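Working notes, beginning with the structure itself.
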Amino acid sequence: MGRKAKFNDEVAVSGPGRKARKQKDPVFQKDQTDNEKTLSHRQKKRAVKRNIKKLEGKKNKETPVKKPRISKDEIESDDSDKNEDSDGSDNSESSTELPIERQNRQLKQKKNEDKILEEAETKEMVEQCVFEFPSEEELKEPTNLKDIQSRIHDVIMVLNDFKKLRDVNKSRGDYLELLTTDLCAYYNYNRFLMSTLMQIFPVSEIQEYLDGSETQRPMTIRVNTLKTKRRDLAQSLINRGVNLDPIGKWTKIGLVIYSSQVPMGATPEYLAGQYILQGASSFLPVMALDPKENERILDMAAAPGGKASHIAAAMKNTGILFANDVNQERLKAVIGNFHRLGIVNSVICNHDGRKMPSIMKGFDRVLLDAPCTGTGVVAKDPSVKTNKDEIDVQRCCTLQRELLLAAIDCVNARSESGGIIVYSTCSVLPEENEWVVDYALRKRDVKLIPTGLDFGEEGFTNYRHHRFHPSLKLTRRFYPHVHNMDGFFVAKFKKFSNIPQITKAIDDNEENDNNCDE
Ligand SMILES: C[S@@+](CC[C@H](N)C(=O)[O-])C[C@H]1O[C@@H](n2cnc3c(N)ncnc32)[C@H](O)[C@@H]1O
């Protein structure tokens with residue numbers, strides 16, 4: 001593999017034989033043995049110290065410290081000595097210097113020696129760690145996962161300190177190519193998706209992200225506040241042998257389930273609709289939407305109904321919630337969930353979201369939890385790693401833009417309590433997130449506002465050669481390796497006008513309106 005083999009020429013020496021034991025120990029010159037041995041850092045330091053002491057001892061012996069002289073002649077003779085030995089290392093110097101000067105000189109000397117020693121050690125270390133770029137032949141040879149893993153580690157190390165560790169005949173691009181190939185093989189991704197992820201995450205973070213994405217997220221449940229309180233539900237579940245905790249300070253209605261003696265989808269509490277199994281990241285868009293009682297709200301892509309039922313609970317079963325989805329089959333799950341959870345303020349409907357503005361509008365708030373590639377949930381669905389290609393991303397991106405414009409058109413900008421649109425996806429690709437949001441900002445009279453979520457990373461304003469509106473910083477990204485939840489994206493808009501923005505589309509930069517993946 002790529003590691004440079006470092007074979008030590010020395011052969012392990014066995015203990016002395018009978019003959020050898022009778023012989024006298026060979027006598028080596030002290031300095032010679034010291035040099036030949038491989039010393040540890042501390043040993044080397046001690047050796048340097050010893051040498052300094054020895055040198056000083058010699059100096060002292062050879063040139064006994066003279067008492068300060070006071071006659072003019074003597075001073076002159078001293079000066080002449082100094083001029084003769086301008087390298088400053090002679091004995092006469094120590095004879096004239098004050099103790100404090102000597103200490104200072106020794107200190108400087110020691111510092112210099114330490115520095116040289118340190119540099120030598122670093123060089124030695126770097127030489128030992130140097131990764132040798134595999135030859136064409138080596139690259140063709142099949143490699144096992146363990147070797148690939150070790151090469152990934154080595155290449156990342158080189159890329160992180162490229163100037164120092166690179167092979168001068170190889171470019172950064174060569175190393176990145178090799179890394180992409182190895183990451184694809186090790187984590188079983190297609191090249192398109194891996195290359196895209198490598199544009200999102202720096203080399204130093206990509207492995208953490210990929211490892212995080214492989215890990216199953218902890219099971220979490222959302223308490224149905226229409227039926228119970230978190231404390232009461234927790235107590236009932238603990239009594240059934242469930243080991244649980246609150247999810248975190250950021251929500252009062254979530255519990256994380258560490259272990260359970262009963263299936264969590266079949267407890268009497270579940271069947272009574274006291275909770276729903278829901279990933280922690282799914283709480284976020286509804287928290288951002290911040291539904292109010294007596295409002296008129298649309299969930300444009302609602303099946304199987306996790307977020308829609310959360311909205312209904314936040315509305316305390318008042319007002320009216322339209323839970324829509326284009327997929328009739330999936331809507332059956334919404335019906336089942338709503339029955340179980342006791343939701344009575346909702347209309348379940350089956351339209352293409354893109355046509356919604358022509359069917360009904362004037363909503364206070366709209367949630368668009370958009371269909372997406374699912375790149376944020378590969379732990380749940382590993383097929384995403386190999387199935388999703390450029391065309392899928394392009395297709396999603398186009399549909400997402402159309403749905404988002406429709407969602408905005410469904411909202412009443414003059415709503416007293418709202419005028420709010422939340423857009424979310426379970427994808428980490430900017431093509432499906434910032435890109436779509438930036439497009440809507442240019443096509444409609446909307447502005448991004450803070451999501452109200454006090455964690456998550458800022459959305460991108462730069463991605464590859466693209467520049468998005470600076471307010472994209474207000475959107476939030478969530479990552480498995482950072483937040484211990486599925487990869488997720490949330491943006492919150494406020495709508496300012498119900499008049500269609502015909503001119504806006506023409507004026508603004510049309511370049512970004514074309515393909516998502518150009
Ligand atoms: C991410 S899922 C929604 C999950 C849902 N919000 C939840 O929390 O349970 C995306 C949904 O979008 C729906 N969908 C896809 N295209 C649509 C369209 N043109 N109009 C409305 N819904 C659509 C899919 O059927 C799918 O159920």
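Residue numbers in this text run from 1 along the chain shown.
Glycine is no exception: its Cβ is also placed from the backbone N, Cα and C atoms.
Quick caveat, the model's predicted, so the values are computed rather than measured.
For the S-adenosyl-L-methionine site, TrEMBL gives Ala301, Ala302, Ala303, Pro304, Gly305, Gly306, Lys307, Asp325, Asp352; the one candidate out of Asp364, Asp369, Asp381 that the record lists there too is Asp369.
Spanning the residues Ala301, Ala302, Ala303, Pro304, Gly305, Gly306, Lys307, Asp325, Asp352, Asp369 that the record associates with binding S-adenosyl-L-methionine, the maximal Cα-Cα distance equals 19 Å. Residue pair Gly305 (S-adenosyl-L-methionine binding site) / Cys426 (active site, nucleophile) shows a Cα separation of 15 Å.
For the pair Ala303 (S-adenosyl-L-methionine binding site) and Cys426 (active site, nucleophile), the Cα-Cα distance reads 14 Å.
The two recorded residues Asp352 (S-adenosyl-L-methionine binding site) and Cys426 (active site, nucleophile) have their Cα atoms spaced 20 Å from each other. Across the structure, Lys307 (S-adenosyl-L-methionine binding site) and Cys426 (active site, nucleophile) are spaced 13 Å apart at their Cα atoms.
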